[in-house]
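Here the structure is laid out as structure tokens; the discussion comes afterwards.
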Amino acid sequence: MGSVLSTDSGKSAPASATARALERRRDPELPVTSFDCAVCLEVLHQPVRTRCGHVFCRSCIATSLKNNKWTCPYCRAYLPSEGVPATDVAKRMKSEYKNCAECDTLVCLSEMRAHIRTCQKYIDKYGPLQELEETAARCVCPFCQRELYEDSLLDHCITHHRSERRPVFCPLCRLIPDENPSSFSGSLIRHLQVSHTLFYDDFIDFNIIEEALIRRVLDRSLLEYVNHSNTT
């Protein structure tokens, strides 16, 4: 997949990742497997696949998207969300084995992160493994009760619940202080596009935006009329 460090935000990768990146660049023949994350340069942990097809650690891509204005840290393609779990990769990792680069112990790839956290040779060389901070808030899909990152909810609903018509409460409204989630009971996808969208240009129907604006203008006019009537 390549080893690409994200520096647009001015925030550096963990020290251990930086050290390994410099070492790999000095040795161009060192192979980088498809199980390496291009952000932290370690074996994948909870792999997710982005819309552009690249696979990263879940916490790495979530943090990278927040810091780099929603672009893929590998190919710079626009991404509306962190992607979906790469279950095929996770399954393969459970049956693949690799020698630890530092102590040469044969380790299952799905357990490699746990191994290097305690590998003394790794710690002596790079310091303790540092995971990128995971800052995205989490919510629960009201249709299937799956726990998601808030930025993945729209993608998830479009993919799995496009035909749903039953009224539900918006889980993102519950995350906003002083917001009343009981005030919403319409199409969740439309509501997310209109009320909770910052970078979902590919999914936006501008007719929906126009409807929402007209509705807001009418609501404001009605409120002004009621207030005026009460004062006269």
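Even glycines carry a Cβ here, placed using N, Cα and C.
If you look up Swiss-Prot, you'll see 1-23 marked as region 'Disordered'.
Here Swiss-Prot flags 1-10 as compositional bias 'Polar residues'.
Here Swiss-Prot flags Gly2 as N-myristoyl glycine, drawing on experimental evidence.
Taken from Swiss-Prot, the feature Zn(2+) 1 binding site covers Cys37, Cys40, Cys57, Cys60. Cys60 (Zn(2+) 1 binding site) falls within a helix when secondary structure is assigned with DSSP.
Swiss-Prot lists Cys52, His54, Cys72, Cys75 with the feature Zn(2+) 2 binding site. Cβ contacts within 10 Å of His54 (Zn(2+) 2 binding site), excluding its own Cβ and spanning all protein chains shown: 22.
What Swiss-Prot records for Cys100, Cys103, His115, Cys119 is Zn(2+) 3 binding site. Of all the Cβ atoms in the protein chains shown, 16 others lie within 10 Å of the Cβ of Cys100 (Zn(2+) 3 binding site).
For the region 'Interaction with the RING-type zinc finger' (109-113), the DSSP-based tally of helix, strand and coil residues reads 5 helix, 0 strand, 0 coil. Under the heading region 'Interaction with the RING-type zinc finger', Swiss-Prot lists 109-113, citing experimental evidence as support.
Here Swiss-Prot flags 120-128 as region 'Linker region'.
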Those binding-site residues listed as Cys40, Cys52, and which of them has the most Cβ atoms within 10 Å of its own Cβ: Cys40
By Cα-Cα distance, the member of binding-site residues Cys37, Cys103, His115 nearest Cys72 (Zn(2+) 2 binding site): Cys37
CB-centroid shell, 8 A cutoff, Zn(2+) 2 site Cys52, His54, Cys72, Cys75, site residues removed: Thr50, Gly53, Pro73, Tyr74, Arg76, Ala77, Leu79
